[in-house]
Amino acid sequence: MVIVAVLAAGRGTRMKSSLPKVLHPLGGRSLVGWVLHQVQSLQPQRQFVIIGYGGDAVRAALADQPQLEFVEQRQQLGTGHAVQQLLPYLKDYEGHLLVLNGDVPLLRGQTLAHLIEVHQNHNNAATILTAQIPNPQGYGRVICDSQNMLKQIIEDRDCTTAQKQNCRINAGVYCFHWPQLAAVLPHLQSNNDQQEYYLTDAVNALSPVMAVDVEDYEEILGVNDRVQLAAAYQVLQNRIKKAWMQAGVTLIDPASITIEDTVELAPDVVIEPQTHLRGQTRIGSGSIIGPGTLIENSVIGERVTARYAVITDSEIGEDTQVGPFAHIRQQSVVADHCRIGNFVELKKARLGSDTKASHLSYLGDATLGDRVNIGAGTITANYDGVRKHPTHIGSGTKTGANSVLVAPVTLGNNVTVAAGSTVTADVPDNALVIARCRQVVKPNWEPEA
């Protein structure tokens, strides 16, 4: 078993933000949220998050993860000082500690598992994750022997010309045998330019220490500013989209499409350009989504087409057409074989099967039965200035163009609403309702001067 500590105390001044750096969003999760997400596959014995700047905000953002234990680093005096804060919490612990940075969001769970496995199999005092990168300028170098045993960690400015040819860098991820680390932590010194306590000094004080290379150096990319945040987002998106294409999903122009990690796509889904899929979204087989569509926290059935549409927190049934320029939101449910056409908005609406609202309509707080046809320009007037009211429309009912249904109101089954009507009272089954003034034509009309 292993205990995990995530360092999340830094301010991140280069982000130029009041938001703590580790809480900046990246494709559906915060930076630290991604780190903790990958940790779950390790099934750690305990999980510590070391907080400092914006600690209350970090606690609040992670409040849905009750397994986390928060430890405060009141003064941010370096990575070694951060890990020192664990000493009172792990007095009798004899196992291993995995130390991660909360601003390195792209690490994979299997990479961490491999690091722990190597560490335990070799009975190391410490095992560090390293990477071979094409341009290591500015990074500290990790010098090892032929068996990957650590000889030295050297800052870039202190490297000789020969040492600068070494492209192996420290990723800042460590697995320690805790009793050995705990013995050296109290003796760390801050005699450096930053007057901080470095965890690398603890590594240099331990033996044996082994280095393990990560297979893909992009995994260890950190985020210190908005440019690096954007770069990390591109790596994450490429990873997600490649996996979906290999799973049988067609992406037309992948560079213009974004898909969050929490989205689920069935085989034979087609995603058109400029489409964005977010949150807990699921899309059924054979559906064609886009171009120009945003879907968030919604369930889309099989063989749905949605073009130039915004769909949030809703459900769309099979063989339904949505768009162009439709907006479906707030727990709307659309059954199978429906059509939601151009410039139609649904809000908290439930539509039965084979129901059509083809153009220029607003249906809010409304329940529609099967085979309903909503004429162009029909709206439900659901708000009286104080509260929202429901509209109920029975199966087989048809509304004429430019109708207004003033809620609360109920239309029965097979009702026909004449075009231009303003309906303010309930209508029984099989009725025709005409709620408009009779047209008056006055020939040869000459207005008074």
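Backbone N, Cα and C atoms are what each Cβ position is placed from, and that goes for glycine too.
Quick look at what Swiss-Prot annotates:
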| type | residues | note |
| --- | --- | --- |
| ACT_SITE | His359 | active site, proton acceptor |
| BINDING | 7-10, Lys21, Gln73, 78-79, Gly140, Glu155, Asn170, Asn224, Arg329, Lys347, Tyr362, Asn373 | UDP-N-acetyl-alpha-D-glucosamine binding site |
| BINDING | Asp103, Asn224 | Mg(2+) binding site |
| BINDING | Ala376, Asn382, Tyr383, Ala419, Arg436 | acetyl-CoA binding site |
| REGION | 1-226 | region 'Pyrophosphorylase' |
| REGION | 227-247 | region 'Linker' |
| REGION | 248-449 | region 'N-acetyltransferase' |
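Annotated features, which come from Swiss-Prot, shown on the structure.
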residue	record	Cβ within 10 Å
Ala9	UDP-N-acetyl-alpha-D-glucosamine binding site	28
Lys21	UDP-N-acetyl-alpha-D-glucosamine binding site	25
Gly140	UDP-N-acetyl-alpha-D-glucosamine binding site	18
Asn170	UDP-N-acetyl-alpha-D-glucosamine binding site	22
His359	active site, proton acceptor	19
Tyr362	UDP-N-acetyl-alpha-D-glucosamine binding site	20
Ala376	acetyl-CoA binding site	19
Asn382	acetyl-CoA binding site	23
Ala419	acetyl-CoA binding site	15
Arg436	acetyl-CoA binding site	15
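In this structure the alpha carbons, written CA, of Asn224 (Mg(2+) binding site) and Asn170 (UDP-N-acetyl-alpha-D-glucosamine binding site) are 16 Å apart. Listed recorded positions near Leu7 (UDP-N-acetyl-alpha-D-glucosamine binding site): Asp103 (candidates Asp103, His359, Ala376, Asn382, Tyr383, Ala419; Cα-Cα distance within 10 Å). A gap of 15 Å separates the Cα atoms of Gly78 (UDP-N-acetyl-alpha-D-glucosamine binding site) and Asp103 (Mg(2+) binding site). Working note on the binding-site residues Gly78, Asp103: by count of other C-beta atoms within 10 Å of each C-beta, Asp103 ranks first. Long-range contacts of the region 'Linker' (227-247) within its own chain (CB-CB distance under 8 A, at least 6 residues past either end) are made by residues 15, 24, 26-27, 105-106, 218, 221, 254, 257-261, 265, 267.
The recorded positions close to Ala376 (acetyl-CoA binding site), defined as a CA atom within 10 A of its CA, are His359 out of Ala9, Asp103, Gly140, His359. Comparing C-alpha positions, His359 (active site, proton acceptor) sits nearest to Asn382 among the binding-site residues Asn382, Tyr383, Arg436.
Nearest Cα neighbour of Ala9 (UDP-N-acetyl-alpha-D-glucosamine binding site) among the listed binding-site residues (Asp103, Asn382, Tyr383, Ala419): Asp103. The Cβ of Tyr383 (acetyl-CoA binding site) lies under 8 Å from the Cβ of Gly364, His389, each on the same chain and at least six residues away in sequence. With Arg436 (acetyl-CoA binding site) as the anchor, the candidate binding-site residues are Lys21, Gly140, Arg329, and the one with the nearest CA is Arg329. Counting other Cβ atoms within 10 Å of each Cβ, the lowest count among the binding-site residues Leu7, Asn224, Arg329 belongs to Asn224.
Recorded residues Asp103 (Mg(2+) binding site) and Lys21 (UDP-N-acetyl-alpha-D-glucosamine binding site) have their alpha carbons 7 Å apart, per Cα-Cα distance. For the pair Arg329 (UDP-N-acetyl-alpha-D-glucosamine binding site) and Ala419 (acetyl-CoA binding site), the C-alpha distance works out to 27 angstrom.
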